[in-house]
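Pulled from Swiss-Prot, these are the features on record:
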type     : residues                                                                              : note
ACT_SITE : Cys378                                                                                : active site, nucleophile
ACT_SITE : His504                                                                                : active site
ACT_SITE : Glu506                                                                                : active site
BINDING  : Ser13, Lys185, Thr186, Lys187, Pro188, Leu189, Gln190, Lys221                         : UTP binding site
BINDING  : Ser13, Asp146, Tyr147, Glu148, Lys185, Thr186, Lys187, Pro188, Leu189, Gln190, Lys221 : CTP binding site
BINDING  : Gly14, Val15, Gly16, Lys17, Gly18, Val19, Asp71                                       : ATP binding site
BINDING  : Tyr54, Gly351, Phe379, Gly380, Met381, Gln382, Glu402, Arg459                         : L-glutamine binding site
BINDING  : Asp71, Glu139                                                                         : Mg(2+) binding site
DOMAIN   : 289-530                                                                               : domain 'Glutamine amidotransferase type-1'
REGION   : 1-264                                                                                 : region 'Amidoligase domain'
Amino acid sequence: MPKLIIVTGGVMSGVGKGVVVASIGRILRARGLSVNAVKIDPYINVDAGTMNPYAHGEVFVTYDGGETDLDLGHYERFLDVELSKRNNITSGQIYLTVIEKERRGEYLGQTVQLIPHVTDEIKRRIVEASGGYDVTLVEIGGTVGDYEQLPFLEAARQLGLELGEDVVFIHVAWVPLLKITGEFKTKPLQHSVAELRRYGIQPDAVVVRSEKPIDANSIKKIALFAHVPQWAIFNSYDVDTIYRVPLILEQQGLGDFLTRRLRLPSRSPEYRDWEEFLSKLSAPKYRISVGMCGKYVELPDAYLSIVEALKHAGAALDARPELVWINSVEVEKNPDILRKLDLDAIVVLPGFGKRGTEGMIECIRHARMEKIPFLGICFGMQLAVVEFARNVLGLKGANSTELDPETPHPVVHLAPEQREVDVLGGSMILGNREVEIVPGTLAASLYGVSVITERHRHRYEVNLSYLPKFTEAGLVVSGWRRDIKRVEIIELPGHPYFIATQFHPEFKSRPAKPRPVFLGLLKAALFAKR
């Protein structure tokens, strides 16, 4: 039988429930258990692929091409696993599947209803995802009381009834600190637990999210009104880095509680590598100023995995990347702002659409001309090709056909397999692809192997008809798609560090396993500083 830890949220969203879930996973992994994690998003979208990054943040791409919630990135980084697209369940997926089954006659003439048909489909997916694992974490997105959560809470209630002692319910809720009196206000949490109990779910444990460590009297009050023992109330307060949360919850006894409650093997947790990473992350010797140029920089969560990948690489080098967010629209208005920033490295970020792209191209030109270590990712690589075509080859008006369909020099164009696609969602080049590294290149020295596997999310590619001109002018293609001829990595010899990738290296970065292109960027920046 599967063992499930079902996590709900109360009071308000966006308080770090996903980090708490990932931390629980890390705690169990430290005991040698195999752990899976599922994120439920109650929105009607089938997946996150078409959602506005300002509203939703980053779209995290799984190895099998799922466009998922950014919490799956937290899960992968904390658990050091690769998750599937089946690990992100949405209302859209559930309703679509139920309707398709009804159209095929699979319900044999029944009146299809929320209960049992929708809830059965939810349960089926959760149980299916839990197969082969010691424990599966299930995070129900949103806040208890949201209308769209109801079928998922009902499915969770039914699973608790059907699986009994093999299900643990944990409720995560924010407790605000009233600064005028210095008092924690537990009433909103009490109400959220009361609301959860209305749906037939009594939490076995509560994780209190708070700005500062919560006091003993507040814990007593929560225990009384939430009907949870004091020893099953834990506190995830604000800390300098999210990677410290597993150790805080471990010290409070959450690991031992879950081991007892789910009758799991009792083993001493092993955190040696995690603690070593934390010590380097928290007290670095060096600082590196990294310019992050993109069009969604007002919401850094739109680039969350890149931010984390830079942290991982920095910790490996005993350095802290200090991120300078550069709005490419502002660069278009005033390119001179780049000179005033005194950057040690520049990353040009992924994106879509025309807005702000000339500012991104200017950032690339600045990095190339001023010999500043540079990394371009996905759209950033395509724009690096455009910049080189315009300013080195002298191809006036060179562009991507995504940005200018009438460009006289389409150095980046729609990939052949995308030209007949007329559906927006789930139709890009997605997921893992193998990339062959060209020997004797910067990419070869970074990766140290001839073939790598990286995750993708794009529609456009470098136009190979311009390749002879690029090669003659000194641009090197150092990585190719293995199954078809497609440019995956470009670089500029003679520059301290200038490399760009069509793939997204950030999605496979882990705290103890930073990705080579991020390591190389920060190494080059450190070398230049010295």
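Sequential numbering from 1, following the chain as shown.
Yeah, the Cβs are placed from backbone N, Cα and C, and that goes for glycine too.
Taking the features listed in Swiss-Prot, we show where each one sits on the structure.
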residue: Gly14; record: ATP binding site; contacts (Cβ under 8 Å, 6+ apart): none
residue: Gly16; record: ATP binding site; contacts (Cβ under 8 Å, 6+ apart): Val172, Arg209, Ser236, Ile242
residue: Tyr54; record: L-glutamine binding site; contacts (Cβ under 8 Å, 6+ apart): Tyr296, Glu298, Leu299, Ala302
residue: Asp71; record: ATP binding site; contacts (Cβ under 8 Å, 6+ apart): Gly18, Val21, Ala22, Lys39, Phe60, Glu139, Gly141
residue: Leu189; record: UTP binding site; contacts (Cβ under 8 Å, 6+ apart): Gly10, Val11, Ala173, Trp174, Val175, Val206, Val208, Ile222, Ala226
residue: Gln190; record: UTP binding site; contacts (Cβ under 8 Å, 6+ apart): Lys221, Ile222, Phe225, Ala226
residue: Phe379; record: L-glutamine binding site; contacts (Cβ under 8 Å, 6+ apart): Val348, Leu349, Pro350, Gly351, Phe352, Met360, His458
residue: Met381; record: L-glutamine binding site; contacts (Cβ under 8 Å, 6+ apart): Ile489, Ile490, Ala500, Thr501, Gln502
residue: Glu402; record: L-glutamine binding site; contacts (Cβ under 8 Å, 6+ apart): Phe352, Gly353, Lys354, Val412, Leu414, Arg459, Tyr460
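Counting other Cβ atoms within 10 Å of each Cβ, the binding-site residues Ser13, Thr186, Gln382 show the lowest value at Ser13. Ranking the recorded positions Val19, Cys378 by how many other Cβ atoms lie within 10 angstroms of each Cβ puts Val19 at the bottom. The Cα atom of Val19 (ATP binding site) lies nearest to that of Ser13, taking the recorded positions Ser13, Tyr147, Thr186, Cys378, Glu506 as the candidates.
Sequence-ordered, the extra residues of this chain that approach the ATP site, with Cβ no more than 8 Å from the Cβ center of Gly14, Val15, Gly16, Lys17, Gly18, Val19, Asp71, are Gly9, Val20, Val21, His74, Val172. Ranked by Cβ neighbours within 10 A across all protein chains shown, the recorded positions Glu139, Glu506 are led by Glu506. Counting Cβ atoms from all protein chains shown, Pro188 (UTP binding site) has 15 others lying within 10 Å of its own Cβ. The recorded positions recorded for this entry are Pro188, Cys378, Gln382, and the Cα of Pro188 lies nearest to that of Lys17 (ATP binding site).
In sequence order, Val347, Val348, Leu349, Pro350, Met360, Ile364, Ala500 are the residues of the chain that are 6 or more apart from Gly380 (L-glutamine binding site) and have a CB within less than 8 Å of its CB. In the three-state DSSP scheme, His504 (active site) falls into the strand class.
Arg459 (L-glutamine binding site) has a Cβ environment of 16 other Cβ atoms inside 10 Å. Listed in sequence order, the recorded positions near His504 (active site) (C-alpha within 10 Å of its C-alpha) are Cys378, out of Val15, Lys185, Thr186, Cys378.
Counting other CB atoms no more than 10 Å from each candidate's CB, the recorded positions Lys17, Lys187, Lys221, His504 peak at Lys17.
Among the residues the record lists as binding L-glutamine, namely Tyr54, Gly351, Phe379, Gly380, Met381, Gln382, Glu402, Arg459, the two farthest apart have Cα atoms separated by 22 Å.
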